[in-house]
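Here's the structure, in structure tokens; my notes come after.
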Amino acid sequence: MAPQARGLGLCSLLALQASLAAVFITQEEAHSVLRRQRRANSFLEELRPGSLERECKEELCSFEEAREVFQSTERTKQFWITYNDGDQCASNPCQNGGSCEDQIQSYICFCLADFEGRNCEKNKNDQLICMYENGGCEQYCSDHVGSQRSCRCHEGYTLLPNGVSCTPTVDYPCGKVPALEKRGASNPQGRIVGGKVCPKGECPWQAALMNGSTLLCGGSLLDTHWVVSAAHCFDKLSSLRNLTIVLGEHDLSEHEGDEQVRHVAQLIMPDKYVPGKTDHDIALLRLLQPAALTNNVVPLCLPERNFSESTLATIRFSRVSGWGQLLYRGALARELMAIDVPRLMTQDCVEQSEHKPGSPEVTGNMFCAGYLDGSKDACKGDSGGPHATSYHGTWYLTGVVSWGEGCAAVGHVGVYTRVSRYTEWLSRLMRSKLHHGIQRHPFP
């Protein structure tokens with residue numbers, strides 16, 4: 001039995017060897033199948049400068065390997081930020097259905113229409129209140145307890161279906177400049193002392209108040225029957241007989257054919273105005289015959305008080321216009337001049353006034369605008385003219401040229417009557433019955 005066992009063992013060994021031969025192949029064959037294609041630098045790889053393609057793109061690399069490529073720690077760090085950045089959108093940071101775009105060490109969320117914020121976390125509807133960017137309204141905004149704010153439009157406009165925009169319903173809505181809209185031009189800048197000519201038709205609400213043939217003051221057309229100006233213009237006026245208002249005027253030395261001359265039926269000033277003083281310096285004039293609205297004669301919008309104080313007052317630059325002196329104690333302008341002036345902080349204006357002996361007090365019924373370097377300012381003859389502010393392409397009356405220390409004097413700025421304080425007073429009078437002559441009306 002023993003020889004037979006040895007024979008079986010030998011057969012098994014031979015069979016196993018044959019099986020192994022079937023499994024294992026030669027070294028050359030194995031290299032041709034399994035061996036990775038050797039890099040170009042072969043065994044000299046560690047002796048040659050690093051390659052970005054070889055070290056970090058064909059396979060993952062370490063910071064040290066990248067450092068070999070750039071030969072600079074700073075450049076390596078810059079590369080490493082991008083290379084080792086990862087997917088910043090992996091945590092789904094965008095909320096409320098927003099989509100995420102991966103950036104270097106950052107991300108951008110693209111929000112759905114009703115949401116905003118870095119992560120689309122803010123619902124726009126929750127922020128639709130009037131104190132926040134005027135509630136998104138083009139003109140007037142009203143807050144409501146327990147419900148969303150609503151937008152409204154000035155007379156002569158109507159609200160569009162989107163609930164925020166206003167479109168004109170009349171041929172000549174207030175605050176628009178037909179001359180500019182027909183040309184598709186932008187609003188000009190410039191003015192008075194240091195200013196530029198306001199091209200014909202681009203200040204269509206400007207009025208020239210004439211005492212006989214002499215320019216008395218400027219004014220602003222508010223509608224077809226009313227012009228607003230400064231009360232101090234009439235300190236020495238005892239009768240309306242020689243007082244006229246010229247609308248559509250541009251060049252005082254020429255008759256251009258667009259002028260409209262109107263007599264004044266009624267002059268109204270606040271009962272608190274004291275001649276020779278600067279407070280409550282505003283006056284309302286009723287035309288004896290209504291103005292005819294044209295491309296060169298358009299009223300300026302009288303804004304609601306809240307809108308004026310919360311929205312318009314935050315706009316830095318406004319336009320002032322008039323035919324005042326081009327230089328202090330110089331000649332009056334022949335053509336209508338205009339300029340954009342920056343509004344100043346009330347506290348800064350008050351402090352400047354307090355530091356100048358004999359300077360009138362700046363009250364809450366006034367505000368300041370202009371350039372402290374004395375480069376641009378209103379001057380004698382501009383008094384009563386408009387300080388107009390544009391919001392979403394519509395112009396509003398925000399001030400009346402009142403007083404200043406000289407004209408364009410260094411360290412001095414123009415002082416304007418704050419029209420928002422008189423909005424209700426003006427509106428009430430514009431609805432009143434006609435009473436001829438010069439009157440004082442209780443304020444407020």
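Quick reminder: no glycine exception, Cβ is built from N, Cα and C everywhere.
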Cysteine from Cys203, Cys233 that Swiss-Prot links to Cys217 by a disulfide bond: Cys233
Closest of Cys89, Asn306, Cys349 to Cys151 (disulfide bond), Cα positions, recorded positions only: Asn306
Cα distance (Å, whole number) from Cys141 (disulfide bond) to Cys153 (disulfide bond): 9
Spatial neighbour of Cys120 (disulfide bond) that is closest, considering only the recorded positions Ser91, Cys94, Cys137, Cys198, Cys233 and their CA atoms: Cys94
For Asn211 (N-linked glycosylation site), the three-state class that DSSP assigns: strand
CB within-chain contacts under 8 A for Cys94 (disulfide bond), separation at least 6: Cys100, Tyr107, Cys109, Phe110, Cys111, Asn119, Cys120
Residue from Ser99, Cys166, Asn211, Cys217, Cys301 whose C-alpha is spatially nearest that of Cys56 (disulfide bond), among the recorded positions: Ser99
Least surrounded among the disulfide-bonded residues, given as Cys153, Cys217, when other CB atoms within 10 Å are counted: Cys153
